[in-house]
């Protein structure tokens with residue numbers, strides 16, 4: 001008996017499903033990260049080339065073939081059984097992607113719940129909480145040494161960013177490089193300009209509260225020594241992951257009949273998030289420096305084969 005597959009209830013369902021397929025979590029976090037890592041604005045040139053050569057043609061082929069045959073990724077290859085392995089590979093890849101993407105959704109659910117719980121107070125990752133923060137946690141903004149004129153104030157702020165034991169070991173080298181006669185007796189004798197600009201090897205690896213909250217409270221990475229000792233089970237994340245799979249189940253339980261309705265939210269929500277992040281980013285102090293740093297083209301990156309690899313991953317997605 002051939003079980004009839006569901007159909008779209010309207011054209012808008014299909015159009016929004018296509019938009020939701022093309023726009024998702026990767027557009028919010030992965031694409032900006034790839035641009036930043038692979039030359040900023042220069043990354044858009046090879047990306048656009050690969051998009052028109054490979055990305056769009058493959059997307060159109062997959063879409064049109066599936067709509068014409070109205071079959072799944074395996075049975076559709078009855079048209080040419082020689083390519084049946086492609087269908088099985090698509091199912092396996094989708095299973096693996098679903099597994100790790102649901103973990104990302106789990107984190108989003110957790111942060112959403114914590115944000116709602118703390119609506120009337122500060123978010124827990126806004127400050128360094130002794131419960132999970134280390135001595136390297138710093139919630140104050142990085143000091144602007146260029147605007148400081150008081151030498152003692154500059155040294156005070158600089159020492160908060162430096163490893164004093166490292167400075168003491170480098171004291172003879174600093175004295176020799178500066179041509180100090182006699183040599184500096186203590187690290188307090190180091191001139192402020194040398195302390196700020198010429199001792200970068202002694203900079204502390206400071207962390208913002210949000211970073212330490214993520215790694216030490218949410219993921220609890222400090223409790224793991226590697227894959228052979230991953231630590232205990234996180235109940236809060238387990239519950240969030242269970243909710244993520246429950247949501248996915250109800251979205252897909254009736255095939256396109258249910259998913260076609262869900263896309264009214266899932267296809268439009270990423271655009272609202274992107275607009276909200278854009279507005280928020282443009283209202284932050286120093287946003288123009290961030291945009292300039294992000295979009296400044298590094299043309300030498302175009303010679304790196306790794307850039308092409310990242311482009312292939314992105315256009316495939």
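Cβ coordinates come from backbone N, Cα and C, glycine included.
Model, not experiment: these values are computed from the prediction.
If you check TrEMBL, you get these features:
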type	residues	note
TRANSMEM	12-29	transmembrane segment
BINDING	20, 22, 23, 27	Na(+) binding site
TRANSMEM	41-61	transmembrane segment
TRANSMEM	73-93	transmembrane segment
DISULFID	128-137	disulfide bond
TRANSMEM	237-256	transmembrane segment
TRANSMEM	262-279	transmembrane segment
*Out of 20, 22, 23, point to the one nearest residue 128 (disulfide bond) in space (Cα versus Cα); all of them are binding-site residues in the record.*
23
*Any same-chain residues 6+ apart from residue 23 (Na(+) binding site) with CB under 8 Å of its CB? Would you list them in sequence order, or say none?*
267, 270, 271
*Take the C-alpha atoms of residue 20 (Na(+) binding site) and residue 137 (disulfide bond) and report the distance between them in angstrom, rounded.*
38
*Cβ under 8 Å to the transmembrane segment (73-93), counting only same-chain residues 6 or more beyond its ends: which ones?*
65-66
_So if I measure Cβ to Cβ from residue 137 (disulfide bond) and keep only same-chain residues at least 6 apart in sequence, which ones fall under 8 Å?_
128, 206, 207, 208, 209, 212
*Among the recorded positions 22, 128, which residue has the largest number of other Cβ atoms within 10 Å of its own Cβ?*
128
